[in-house]
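Q: Under the heading transmembrane segment, TrEMBL lists 45-64, 76-95, 102-121, 148-172, 193-214, 226-246, 375-395, 415-436, 456-474, 494-517, 545-567.
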Amino acid sequence: MEFRLERKHRKKMGEQVEELNYETQLSTQKKGGLITMPFIIANEAFEKVASYGLVPNMILYLMSDYKISVAKGTNILFLWTAASNFAPVLGAFLSDSYLGRFFTIGLGSCFSLLGMFLLWLTTMFPELKPPPCNQFTQICKQSTHSQFAFLIFAFIFISMGSGGVRPCSLAFGAEQIDNKNNVNNERALESFFGWYYAAGATAVLIAFTGIVYIQDHAGWKVGFGVPAILMLLSTLLFFVASKLYVKMKVKKSIFTSFLQVIVVAYKNRKLPYQPPNSDQWQYHKDSPESSPSKSLRFLNKACFIQNPKDLTPDGIASDPWSLCTVEQIEELKALIRVLPLWSSGLMMSINVSQSSFPVIQASTMDRHMGSSFQIPAGSFAFFTIAVLALWVVLYDRVIIPFASKIRGKPVHLGVKLRMGIGLVFSTMAMVVSAIVEHARRKHAIKQGLLNNPQAVIAMSAMWLVPQYCLHGLAEAFSAIGQNEFYYSEFPKSMSSIAASLFLLGMAFANLLASLILSTVERLTKNGAKEGWIATNINQGRYDSYYWVLAIMSFVNLFYFMACSWAYGPCVDETMKSDPKTSNSEDTIEELQRARSIVVERQSLFKSLPS
């Protein structure tokens, strides 16, 4: 009797839940859709223009207005960029676990606006920075602790803002468009992705050209005021459509899943190892994997069922902090397995992050194109972006189809091969940088400008273009290859990790770049005499510093080859060698889809110079 009543009660509850889900679905259908696309895209685009537009000339602002040395200013920018790249990882975790995407984007937009407003205030109120002074000819008063703290707080808020907007914007927009009941759902998603990334590309180009040009010709007040106004528009446009958005509830983050595996494996560390064919492994019923792999066996203890009472009647762990699933174990193993190859890509990111020195170099060279137009020193990064975008199009639409036509079968360069080619281009970029800087300094000394770093030497700044182009090719091969590698090697449940791992590498690379710079400065400085990283670029030896990075890049090539050999074959290599999978149309189609998504939608903007 009790059993029948319980069944009746459960059936009634099930009907109520079904009715509630149906009502929720109906209410959800009234929100979202293409009408929300302009607001989300505008929010992301304006944020990109504002934040990216501040970076190129920032070293010049720190040197001219805050009387900060080149080495100290570059280290500040390294740490700021590192914080801006770490923040999206933290933002993704908070969004998935606690706040939800809408609230995270909104909070991030407000933080970015606050940071840019504080930065703009430093140009409006003389009390917020040291008095005007020429640090090359006078002994200048340094900024006070409160003045410096005000500037750093502006940087911190901008980094916090990027951590809220960048990891959530694309996924939040896709949620508005994605409707399984719509027969044109795939076309709508494709349209959104296309417009989203087109707007992002345009925003970055405007930032590196238009905003930098305004700063050069209208001064810092207008140059920092325009990004603040754009960020205000970004925030307002996002919130004005608040009632139109679909706002999904938060779900468990994969970061929490990783932590659970580590905690449970540590708790069960004294358990004996179990054979792979044991029937005591905890796994999802729909999962193809019913037992963990043999690698990293100590983690397998986290999914071993010690007591049947640890499971609910549905076969789910009653406490995820005491028992994990095979899927969770394998996800963490996949991450650990790629870390050595991931670390081999840090050197390229270190080289790309050396953006302050080329700006200082360009400011001392002839930047005229024609008789009247002069390229802003901070706009030369445009060549990196242009080469990167051009190569993506040529590779995907021209080179690969042409090579496939010649060979009579599909041609595809393996991801590890492309990553290696990118590292070679990165090494070449540092060699070219060292040679060009040596020639520039030699010209400055020959023209009697050793003690006048603000003078323009008779040497075209176009000599800097090859190194920017080589950096673009390096990122086109290595950065895109890395993103595709993570996407194809990780399970589908780890797509968010695959998307953020390259950004995390950029963050670590900026910290390492700061460490390398500080070490070089300390080792080359002799008492009162400045070292290689001198504020006076003509007295410094930036070319020697570039040679250090070139040598480190060359050594890193051998480290990459060792990591590549230790990793073994990738998914695409396994397909070619395995006759059972090489003819599988579904598998090939899946890989092509993954590559297309990564190349056209992710890597182009995640690998932009910071």
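Just so it is clear, glycine is given a Cβ too, placed from its N, Cα and C backbone atoms.
On a predicted model such as this, the values are computed, not experimentally measured, just so you know.
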Q: Per the 3+ Cβ pairs under 8 Å rule, pairs at least 6 apart in sequence, do the transmembrane segment (456-474) and the transmembrane segment (375-395) touch?
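A: Touching, yes - the transmembrane segment (456-474) and the transmembrane segment (375-395) meet the threshold of 3 or more Cβ pairs under 8 Å.
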Q: Using a cut-off of under 8 Å between C-beta atoms, tell me which stretch among 102-121, 226-246, 415-436, 494-517 contacts the transmembrane segment (45-64) the most.
A: 226-246
Q: Taking contact to mean 3 or more CB pairs closer than 8 A (sequence separation of 6 or more), are the transmembrane segment (193-214) and the transmembrane segment (545-567) in contact?
A: no
Q: Counting a contact as 3 or more Cβ pairs under 8 Å, with residues at least 6 apart in sequence, do the transmembrane segment (76-95) and the transmembrane segment (494-517) touch?
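A: Stretch pair touches.
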Q: With Cβ-Cβ distances below 8 Å as the criterion, list the same-chain residues six or more beyond the ends of the transmembrane segment (148-172) that contact it, or say none.
A: 40, 43-44, 47, 51, 54, 66, 76, 80, 83-84, 86-92, 95, 101-102, 104-116, 118-119, 121-122, 128-129, 193, 196, 245, 500
Q: List, by number or range, the same-chain residues at least 6 past the transmembrane segment (102-121) whose CB is under 8 A from its CB atoms?
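A: For the transmembrane segment (102-121), the nonlocal Cβ contacts are 43, 47, 50-51, 54, 91, 94-95, 128, 150-151, 153-169, 172, 221, 224-225, 227-228, 231-232, 234-235, 238-239, 242, 245, 247.
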